[in-house]
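The structure under discussion appears below in the form of structure tokens.
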Amino acid sequence: MATIYYDSDADLAYLAGKTVAVLGYGSQGHAHAQNLRDSGVQVVVGLHEGSRSRERAKSDGFEVLTPREAAARGDIISMLMPDHVQKGVYEESVAPELRPGKLLMFAHGFNIHYGRIVPPPDVDVAMVAPKSPGHILRDLYVQGIGVPALVAVHQDASGQAKQIALAYAKGLGCTKAGVIETTFKEETETDLFGEQAVLCGGVSHLIQAGFETLVEAGYQPEVAYFEVLNELKLIVDLIYEGGLKFMRYSVSDTAEYGDYVSGPKVIDDHVRETMHKLLQDIQTGRFAQQWIAENEAGRPNFYRMRQEHLQHPIEEVGDRLRAMMPWLKRREIPS
């Protein structure tokens, strides 16, 4: 049974007199900085001189420093830039400014778990991982609700790392919803598996395969799009609201019966075995090594695969059909 912490389990007094240096001002960074500040915590933002986020952070009222200046100022240093750049930022800007008693904070365990970043033993290392995009974390904080989060401690040099991490989570508003205790290992491996097998890799390729199957059988691409992609949101919303049981309760009996008899034919033993292999690649660090090598080589395969999928026929069909839906906000992807 999971250990879950709430407002009464966390004390913002553990952040009193401390400065949080938020390094990065993207999806998570802006929300962490604003929520902590609005909870009464002293916050500075660390961004490189050429960062496009500097003006945004300044307009939000923050003192913006270089990453190294912010790391020097911070008692708690939050590493909220993308995984693949964290090691470089740590070595160049953070490691030289670490002192006994400081706490290094993460929102994802990748670089600690896979040994990309190895902090000295006299600093605390913790993680608070809100389970939502940053804009939702911020919006729900403003509404006084909060989103669930995970909390973990990797090093407890001070003897207070857990209390400080829970205070940080409370400053984000997460203890209003509940904060689940975990480890860096568990968070990293389950997060990567979820992305690869279900949320991103699994769903996107299932959609494309369903679309291709219908179109190859002679059905109109527009109709195929609605059946395998557009209606997915309706189903996911039902699952999100009440679990698989609520989705099955809400759909037609025909759809529910098809779920039971045909679902196991799609997600069969071969697929489950493949999932186990994906998990093994994550657990052994094989995937991490592959992703690190891809970045060090300049991402040639990553960019090639991105372009290939952008050219999939489902994208052109989707662009045309979404133009028929004026209630949707137009989303432009930077080139």
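Using N, Cα and C of the backbone, Cβ positions are placed for all residues, glycine too.
On a predicted model such as this, the values are computed, not experimentally measured, just so you know.
Listed in Swiss-Prot for this protein:
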ACT_SITE  His108  active site
BINDING   Tyr25, Gly26, Ser27, Gln28, Ser51, Ser53, Asp83, His84, Val85, Gln86, Gly134  NADP(+) binding site
BINDING   Asp191, Glu195  Mg(2+) 1 binding site
BINDING   Asp191, Glu227, Glu231  Mg(2+) 2 binding site
BINDING   Ser252  substrate binding site
DOMAIN    1-182  domain 'KARI N-terminal Rossmann'
DOMAIN    183-328  domain 'KARI C-terminal knotted'
Shortest C-alpha distance to Val85 (NADP(+) binding site) - which of the recorded positions His108, Asp191, Glu195, Glu227, Glu231: His108
C-alpha spacing of the residue listed as 'active site' relative to Gly134 (NADP(+) binding site), in angstrom: 13
Per DSSP, three-state class assigned to Gly134 (NADP(+) binding site): helix
Winner by Cβ contact number (other Cβ atoms within 10 Å) across the binding-site residues Asp83, Glu195, Glu227: Asp83
Among Ser27, Ser51, Ser252 [binding-site residues], residue with fewest other Cβ within 10 Å: Ser252
DSSP three-state assignment (helix, strand or coil) for Asp191 (Mg(2+) 1 binding site): helix
Same-chain residues at least 6 apart in sequence whose Cβ lies under 8 Å from Asp191 (Mg(2+) 1 binding site): His108, Gly109, Ala129
Cβ atoms near Val85 (NADP(+) binding site) (within 10 Å, other residues, all chains): 13
For the domain 'KARI C-terminal knotted' (183-328), the number of residues DSSP places in helix, strand and coil: 123 helix, 0 strand, 23 coil
Other C-beta atoms that fall within 10 angstroms of the C-beta of Tyr25 (NADP(+) binding site): 28
Cα distance (Å, whole number) from Glu231 (Mg(2+) 2 binding site) to Ser27 (NADP(+) binding site): 27
Cα-to-Cα gap, Glu195 (Mg(2+) 1 binding site) vs Asp83 (NADP(+) binding site), nearest whole Å: 15
Helix, strand or coil at Ser51 (NADP(+) binding site) [DSSP, three-state]: coil
Lowest local Cβ density (other Cβ within 10 Å) among binding-site residues: Gly134, Glu231: Glu231
Spatial neighbour of Glu231 (Mg(2+) 2 binding site) that is closest, considering only the binding-site residues Ser51, Asp83, Ser252 and their CA atoms: Ser252
